[in-house]
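Enquirer: A single structure is presented below for examination.
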Amino acid sequence: MFKLLSKLLVYLTASIMAIASPLAFSVDSSGEYPTVSEIPVGEVRLYQIADGVWSHIATQSFDGAVYPSNGLIVRDGDELLLIDTAWGAKNTAALLAEIEKQIGLPVTRAVSTHFHDDRVGGVDVLRAAGVATYASPSTRRLAEVEGNEIPTHSLEGLSSSGDAVRFGPVELFYPGAAHSTDNLVVYVPSASVLYGGCAIYELSRTSAGNVADADLAEWPTSIERIQQHYPEAQFVIPGHGLPGGLDLLKHTTNVVKAHTNRSVVE
């Protein structure tokens, strides 16, 4: 009887802690997630996912349309780690101002997950603010070739598919080529948050979009590596649009394969 009561007490305690924990969020919290229509270009919104973890959301005009773009903010002691710029100098300056207003901790380091302007545009603003900017050697090289802003410091140990390195409160993972040959994903172990960047699509997206620098053949395999490496992820943030769960990975694979099949037929 005593053992039975002890087990029951442990179960009840764990249940109460799970309910009370700030990390016990629901993936359906994306219903409150800021959307493109709510964010004027030049402004930034922050969305708290868990204790010490936020996404940042900005919008940008491109080819006559306005698109949302996500990034990540993770607390690292009394400092903040920023993942990706807010797509441009004006947006990134607004991001730093919003962080100061809402969080009140300094951003000391920033990682760009690939070389496109929605990830590195604004690096110069960060550098001027005293933020140490990082990217893989591949991203830095491709950004230079593209004429984009170049993060200052190189992240080593991310050259081969499946490589992972710890960087403060997060793990950086190179799944292989997908949206671009250099794209990284970021995992926050303390909150089971996976930031997929542009390698992952939101559920409402049905077209592959910009695949000029993509490796369509390798993309599904790279997503499979992400799934295998982070099966415990609960909250998945795409590069653009609304977050969800691990179902975003399967959805992205389906969209990419459909695009590839159409291209073959055409």
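Glycine too: its Cβ is placed from the backbone N, Cα and C atoms.
Here's the feature list from Swiss-Prot:
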type	residues	note
BINDING	His114, His116	Zn(2+) 1 binding site
BINDING	Cys198	Zn(2+) 2 binding site
SIGNAL	1-20	signal peptide
Enquirer: Give the distance between the Cα atoms of His116 (Zn(2+) 1 binding site) and Cys198 (Zn(2+) 2 binding site), rounded to the nearest whole Å.
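Expert: One finds 10 Å between the Cα atoms of these residues.
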Enquirer: Which residues does Cys198 (Zn(2+) 2 binding site) neighbour through Cβ under 8 Å, counting only same-chain ones at least six apart?
Expert: Thr113, His114, His116, Asp118, Arg119, His179, Ser180, Asn183, Pro238, Gly239, His240
Enquirer: State the count of C-beta atoms found within 10 angstroms of the C-beta of His116 (Zn(2+) 1 binding site), not counting that atom itself.
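Expert: Result for His116 (Zn(2+) 1 binding site): 26 other Cβ atoms within 10 Å.
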Enquirer: Specify the count of other C-beta atoms within 10 Å of the C-beta of His114 (Zn(2+) 1 binding site).
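Expert: There are 26 such Cβ atoms around His114 (Zn(2+) 1 binding site).
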Enquirer: Would you identify the secondary structure of His114 (Zn(2+) 1 binding site) according to DSSP, in three states?
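Expert: Looking at the DSSP assignment, His114 (Zn(2+) 1 binding site) belongs to neither helix nor strand, so coil.
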